[in-house]
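Participant: One structure coming up, written as structure tokens, with questions to follow.
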Amino acid sequence: MHCSAHPECNTTCIELFISTSSLPFFVSWLNPLFRIGYKRRLEEDDMYKVLPEDGSERLGEELQRHWDHEVQKAAKELRPPKLTKVLIKCYWKPYAVLGIFTLIEEVIKVIQPVFLGKLIQYFENYDPDNMDALYEAFGYAAGVCLSTLILAITHHLYFFHVQRTGMKMRVAMCHMIYKKALCLSSAAMGKTTTGQIVNLLSNDVNKFDEVTIFLHFLWVGPLQAAAVLGLLWVEIGPSCLAGMAVLVILMPTQTMFGRLFSKFRSKTAALTDNRIRTMNEVVSGIRIIKMYAWEKPFSALVNDVRRKEISKIMSSSYLRGLNMASFFAASKIIVFITFTVYVLLGNTISASRVFVAVSLYSAVRLTVTLFFPSAIEKLSETRISVRRIKTFLLLDEILKSKHGFLQEEKQEPNVEIQDLISTVLSPVPPSNFPQSSLLSAILGELPHDKGVLKVKGQLTYASQQPWVFPGTIRSNILFGKALHPQKYEKVLRACALKRDMELLPDGDLTVIGDRGATLSGGQKARVNLARAVYQDADIYLLDDPLSAVDAEVGRHLFEQCICGILKNKPRILVTHQLQYLQAANQILVLKEGHMVARGTYSELQRSGVDFTSLLKREEEGPQAPGVETESRSPCSRTLSQNSEVSHTSSIRSVKDGTEQLPAEPVQTVVEESRSEGTIGVGLYVKYLKAGANILVLIGVVLLQFLAQAAYILQDWWLAYWAGEQEKLNVNGTVTIQNGVNVTEQLNLDFYLGIYAGLTGATLIFGFARSLVMFNVLVKAAQSLHNRMFNSILRTPVRFFDVNPIGRVLNRFSKDIGQLDAALPWTFVDFIQIFLQIIGVVAVAASVIPWILIPLVPLVIVFLFLRRYFLQTSRDVKRLESTTRSPVFSHLSSSLQGLWTIRAFRAEERFQNTFDAYQDLHSESWFLFLVTSRWFAVRLDGMCAVFVTITAFGCLLLRDQVEAGSVGLALSYAVTLMGMFQWGVRQSAEVENMMTSVERVVEYTELESEAPWETQKRPPPEWPSQGLITFDRVSFSYSSDGPVVLKDMKAMFRPKEKVGIVGRTGAGKSSLVSALFRLAEPEGRIYIDGVLTSEIGLHDLRQKMSIIPQDPVLFTGTMRKNLDPFSQHTDEDLWNALQEVQLKSVVEELPNKMETVLAESGSNFSVGQRQLVCLARAILRKNRILIIDEATANVDPRTDELIQKTIRDKFRECTVLTIAHRLNTIIDSDRILVLDAGQIHEYDEPYTLLQNHDGIFFKMVQQTGRQEAVSLLQSAKQVSSTLTQQSIRPSTSNGGVGVDGNLVIFETAL
């Protein structure tokens, strides 16, 4: 059956196995897989194909059928549909059959102790000559061994099949949830969030995997308890009730522990979410935090949340510790109480009775204290999950309106709108509301209340927020259509993607990361547009595709794409950019959802509607009126109206593709380091030492051994006592006291006293070791988290450019989560079980020393097996987690692009992709189930061998052993069954979880940037003038990275306003990074004569204000956002808000300044967020202000407000502005033109415009003719005012320059 060579016969192979699963303990078809896994890393191709009956589509459609049927039936009977009913109906038959396995297993568990008792009785009544008794004893020994073997087999068969059923339910559920998500209406999207849907897929459906395991114990548990009670009654009479009573008391206490635990858990979860959200903001806003020097308040914030979280985790860990200790001590207490009562009632104790009772109790204990409560708990959890899934499945769906018409009647495709009124129920209001709403109404996403909306023809749509899904760039553009090379090339060229493709490592086959992580915003926008253009549709809806790209690329897209490739199609374009209006056939001006005007450009100009004033008059900040253009004519006439330059440039760009367009560099994501191989002892030491010092650790080790010793001694004392009693019974010594015959009796007080003492010691040590261990491990998690967080805060920004946010957050969520909750519990569990296994072997060896001889080969085999298995198992586990993530990322990216997917009618394709991802995950999950069973069956087989050796060994050495010792050895050996494989599993788990520790430790040792404060502090009022000098500065983001600024010399005079321009990648932002020392520059930068590289980073960064490119607000109050250090009065804060015209907005908030903002300030528009950043800068009152493309995505009105405020408030400051839009910087004192990291030109704007070969002149010309004229005009004005200023105080002005230069010179020397 070696099928590794033929993957297609793998499936048949598996089917054979499952149908003939009477022989599972050789699960031998897995051997080839293990052989591969031992030699090299397993890859996805090595996995077996999923079985047809486990396929996602098949399972999902089956369940969907049942569900649809139930929904219809419920609607008829006027009741809410029941999802539970559907699940039961779909899966009860195969699941019920599995109950037989459980029954067999539990029956054997009860019979085994009876065999054991009979065997011990033989030793009690040992008679060397009685051969019949010996044969009988051999029979009982065989019974004990066989029952262990059968147990091993049925147990694993049962588990494998129930988990498989669980898997089927989960897969079917996921299929249904995804299918539903694809047809949610926008009203329904408002009621749920992406996070919630992902949560349904990641957490809620996993409950099916868990609940199926335990369900059968709901009926098996009580049955088994009754059987055990009966047998015990026969064995030791009414005393057994005392023991049972303890069991019954234990059950509710454990359930109570569980309740408390889940209460703590939910509190912890809330705090953890809180911490991760804060972390998310810290990591995504790290640039800003560093530039503002706000690390300290944030670290205080995180530490505060973390402290609360740890105290909850500590409590829940103590609970866990108590729970585990009580579980270990339970059997001791039960046996102790049973036998105390038994002896006090005047019965004599005997070995067979003791050990039968011990074995029976341990058989029932697991079921009653663990499985039964688990079943109840999981059932209630699953019911909650099912309820949540049901509410989701009952949300409203979108009405499928059939756009498109039959082939025969090919009229002109068009869109007719009359008196349309729509209510907008979109959860994420786009920043240009009315226009996007119009498009979504046309797409059928928004239900319209009144009016007529007729669409004839097929639609295609480019969304405003560019949407890309994980996959190659080519697959993003083709979007399911066939590849026609010529057309594809044409589209790429028109969308200015040609050059970008050449720069990418794999061209258009480059894989885009999650949410398009590898592409820049502009590239995403262009891919998004290319996708719409490539589809052969009748009507094109383009929602502001030009806003994310700079002017030059925008012009190219407009001419080549919108008026080029698409020139014979109707298009509806939403835009903010007025320079394109002339090309439109018809213009609709919308304001606050009403149409203000419509007509052609010239008509509107004649009618006196001035758009530009409309844009400015508009009171609503970012909601600038949209402009809808619908044009069907060729755009040739519009080109002639534009400047001749642009005409020639467009002709040129047709010729040579898009050579003169700048290409944007693409960052490739560094592969995440994944450690392979085993984990060194050093790491364990590091981990434990993080939690406690050496002395404490030594104490902990001692405690562990004491607890285990007490545990064994307590059982040994019972055996010894029974043995002493035995001797008395045999010899029957009668002494004569005062002439009266007295049968000698054991001193009860002595034996019972020591027994009670040992029981007490077991309890005390057991509880102590658990609690101490948990304490140490949770402390370790805390100190590792703090170290990692501090290390992250101090590492240079470069680290965050190379590592995606998700990866860093993963360490803080998943890995720290492991350290907090899962690892301590697994670690303690493993240690306790490990010690118990050693205890079992030690006891057996003390009874029959010979047993050590066969033990040696068993241990060797075991160690080899473990290594062999772990090698493959780790890979399978890894594959399981890596194949799981595409399922989620596919879901979340589908939800982000819902409108696009529906507009393109790609639902079915996405559903199939989802099923394919699910199947891939099922393959790895199935392998995970089977491989773990493969291993467990072999381990249990070894235990069965051990039991067999012990049982027959005792019989062969029958002359040398006592009944008590036999009982002790055998009852211990039998407990080895489940425990041994569980222990080994836990050891593997601990090792897997230690990788989390390894990853955290790796992040505690990151390189750190320069110190925040140094010995050399600048004077307190520095910088008083704001003179910045660059002296031969070279800058690169990393030691091996390319040099982005080359040998730069420049001087920014005090109070000067300098604009910095350059193409993408010219080094504009790098200039700022060098100034803020986000990486250490080479060369010298002086501010007012102080060398910046000598002072601490906080001293430097606090003295410069920056308005960043993407405005970042943090969750917290408005006050915290403006002033995290609480350095300013309320009056200051209100004044600052007044100056940026946000006072009215903040006053409308419920708690004014104290209102807590939504996550990353999403309840403010981009423009308002930008204004908050401006207010921060006003508050800091620094001499140097840097503005980094702050107005790239703000409407003209807010832009003007920002510019005005900067001119008024920062008149006394040195201001450096990096800009995309030239009109924002044309009135600067001087303009610095960068090109490839070097200064190309640096002079007054008017002077620069005189040089017709300069880059700046070309950039101005590219804005279009009208704009160029107005820019020239502004430059002229600035220059004339400058000359007027400089004529009067000419001498002094010159003096300053010289003086400034002198200062430089001295410090440079």
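Placement of Cβ uses the backbone N, Cα and C atoms for every residue, glycine included.
Those TrEMBL annotations? Automatic predictions, nothing curated.
Here's the feature list from TrEMBL:
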COMPBIAS  632-652  compositional bias 'Polar residues'
DOMAIN    96-360  domain 'ABC transmembrane type-1'
DOMAIN    393-617  domain 'ABC transporter'
DOMAIN    698-992  domain 'ABC transmembrane type-1'
DOMAIN    1028-1261  domain 'ABC transporter'
REGION    619-657  region 'Disordered'
TRANSMEM  95-117  transmembrane segment
TRANSMEM  137-160  transmembrane segment
TRANSMEM  213-234  transmembrane segment
TRANSMEM  240-261  transmembrane segment
TRANSMEM  322-345  transmembrane segment
TRANSMEM  351-373  transmembrane segment
TRANSMEM  694-713  transmembrane segment
TRANSMEM  754-778  transmembrane segment
TRANSMEM  850-869  transmembrane segment
TRANSMEM  935-958  transmembrane segment
TRANSMEM  964-984  transmembrane segment
Participant: Which residues of the chain, 6 or more past the ends of the transmembrane segment (213-234), have a CB below 8 A from one of its CBs?
Facilitator: 95, 98-99, 102-103, 106-107, 109-110, 113-114, 159, 162-163, 166, 240, 243-244, 247, 356-357, 360-361, 363-364, 367-368, 371-372, 374-376, 378-379
Participant: Do the transmembrane segment (754-778) and the transmembrane segment (694-713) share at least 3 Cβ pairs under 8 Å, sequence separation 6 or more?
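Facilitator: In contact, yes.
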Participant: For the transmembrane segment (137-160), which stretch among 95-117, 240-261, 935-958 has the most Cβ pairs under 8 A?
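Facilitator: Comparing 95-117, 240-261, 935-958: 935-958 has the most Cβ pairs near the transmembrane segment (137-160).
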Participant: Which listed stretch (95-117, 240-261, 694-713) has the most C-beta pairs under 8 A with the transmembrane segment (964-984)?
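Facilitator: Checked against 95-117, 240-261, 694-713; highest Cβ contact count belongs to 95-117.
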Participant: Could you pull out which residues elsewhere in the chain have a CB under 8 Å from any CB of the transmembrane segment (935-958), counting only those six or more residues past its ends?
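Facilitator: 24-25, 27, 119, 123, 126, 128, 134, 137-138, 141, 144-145, 148-149, 151-153, 155-156, 844, 847-848, 850-851, 854-855, 858, 861-862, 865, 869, 873, 966, 969-970, 973-974, 976-978, 980-981, 984-985.
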Participant: Mind checking which residues of the chain, 6+ beyond the ends of the transmembrane segment (240-261), have their Cβ under 8 Å from one of its Cβ atoms?
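Facilitator: 225, 229, 232-233, 316, 319-320, 322-323, 326-327, 330, 333-335, 337-338, 341, 357, 361, 364-365, 368-369, 372-373, 376-377.
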